[in-house]
Amino acid sequence: MGSLPEPIMEENYSKPPGIRFMERAKKSNLSFKTYQAIVLIVTFLAYTSYHATRKTTSIVKSALDPQSPNVGLKFSWQRRNTTHEQNGWVPFNGLDGTAMLGELDVSFLFVYATGMYFSGHVGDRMDLRIFLTIGMVGTGLFTALFGVGYWANVHIFYYYLIVQMMAGLFQSTGWPSVVAVVGNWFGKKKRGLIMGIWNAHTSVGNITGSLVASILLKYGWGWSMVVPGSLIATVGVVVFLFLPVHPDSVGANKDEDEVFSPRKEGEEVTEPFLRSSDREEESAVAFIEAWKIPGVAPFALCLFFAKLVAYTFLYWLPFYISHTAIEGKYLSNEEAGNLSTLFDVGGVVGGILAGYISDRLDARAITAASFMYCAIPVLYFYRSYGHVSMTINIILMLITGVFVNGPYALITTAVSADLGTHSSLKGNSRALATVTAIIDGTGSIGAAIGPLLTGYISANSWSAVFTMLMGSAFIAGLFLTRLVVAEVGAKIQQLGSQGSSPISRSPDLLV
């Protein structure tokens, strides 16, 4: 049986056509910082479009099954399409319609999580620019095909199920690819802060997808799928034209940038969970070997429970708000959908804050675990006092977004990039996509399980749902205990060495 091809070398990456055109127009190579800006902008747009298309299905649910909770953003001036929306869409408007829509969600997330593992492995063996373009065009195609069912008058459940599963498969190409590319271009000095700001694409995509799909819904739910699908395919073309995957692919010199070369001589820092290995560099990083990189398994398992909490809010928060009296009054589905976007606003702040704190402390595990433990009392207060007044609800929702999405954003960005460039890899950055896929793929399984469990538990008690979420946050923090102890020990050792020698961290702290 033939084996997978060896990872291609960075110098074999092709220079993007758009970059070649810009250099010809300028008659010189672009600066390193210009390349970094292009990478951040293009990858931000790419993953914003991924999340925007992922959000559209939740918007059209109310058109497919009028009995299901309307979790999308809607406006009072929008007209309803009485032909197709008032009575729903067969087969989703029957007694089992809501359950069928739930099966679409679970199938999408399951295939997405499974595909993540394979996507990372394949991505490390391909030109990520090509791989990402294929994923985006494929995502656009199957998102649009879901909407085509509106005009083709398709009423077969398995058509929509298969289309959603294929969309999930192509969606899984996105995250490992964009994190790997950004990790190639940015060193560790400000990686947490930079990636924390960059990670706002998740919330921007959710909000954008909700707005676009909601506005188009009045023309027929098919447009709410076809237009976002076309947009992500268009952004995929932009990725193909302009995304430089690696500095070597465009002849850029890493030494020109202080962010990539952050330490002066003698000040090189090695994270306690990123210790060196005496093994010689391997030509390829296998899937199992990637799991063995110190820190990968604990952070992957932590993210399982962190995303379980985050995605439960993503899928169920609007429904929860609309079914909870605030100041003795129930909000409409439209008002609940609008209010729920504040959770994403808090998530943006949390991602930036977690990245900044982890950079300042030089301690990713301490930061992530602290946020998860802080999320426990915040979840309790939101459940217990969120109904008292609208002001308290808004404040607690924003704070909940900060502490729930903060560690989720940190682990899927800066931590994944750190571990993908682990010192034991001897500079082999081709493990980035595989490591990112392992961590986020494991987290995505939790993302599928959380909303599924909530559907059953909430039928009996929302307090039980919040108890599940608080327990998940606690377990997420526990998985980082060993790494937290190591980082605390490293800090104590640093304090003890102050005054006698320059501060440095031994690479053998955990050996």
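Positions of Cβ are set from backbone N, Cα and C atoms, glycine also.
Just so you know, TrEMBL annotations never went through curation; they're auto-generated.
Feature annotations, courtesy of TrEMBL:
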type: DOMAIN; residues: 42-489; note: domain 'Major facilitator superfamily (MFS) profile'
type: TRANSMEM; residues: 30-50; note: transmembrane segment
type: TRANSMEM; residues: 99-118; note: transmembrane segment
type: TRANSMEM; residues: 130-152; note: transmembrane segment
type: TRANSMEM; residues: 158-186; note: transmembrane segment
type: TRANSMEM; residues: 198-217; note: transmembrane segment
type: TRANSMEM; residues: 223-245; note: transmembrane segment
type: TRANSMEM; residues: 296-317; note: transmembrane segment
type: TRANSMEM; residues: 337-358; note: transmembrane segment
type: TRANSMEM; residues: 365-382; note: transmembrane segment
type: TRANSMEM; residues: 394-419; note: transmembrane segment
type: TRANSMEM; residues: 431-453; note: transmembrane segment
type: TRANSMEM; residues: 465-485; note: transmembrane segment
Distant-in-sequence neighbours of the transmembrane segment (296-317), which means Cβ under 8 A and at least six residues beyond its ends: 58, 71, 105, 109, 206, 273, 290, 340, 343, 347, 365, 368-369, 372, 375, 379, 400-401, 404-405, 407-408, 411-412, 415-416, 419, 435, 438-440, 442-451, 454, 458, 465, 469, 472-473, 475-477, 479-480, 482-483
Model confidence over the domain 'Major facilitator superfamily (MFS) profile' (42-489) (mean pLDDT, whole number): 82
Selected stretch (most C-beta pairs under 8 A with the transmembrane segment (431-453)) from 99-118, 198-217, 337-358, 394-419: 99-118
Intrachain neighbours beyond the transmembrane segment (365-382), with Cβ under 8 angstroms and 6 or more residues off its ends: 273, 295, 298-299, 302, 306, 309, 350, 354, 357-358, 393, 396-397, 399-400, 403-404, 406-407, 410-411, 415, 466, 469-470, 473-474, 476-477, 480-481, 483-484, 486-488
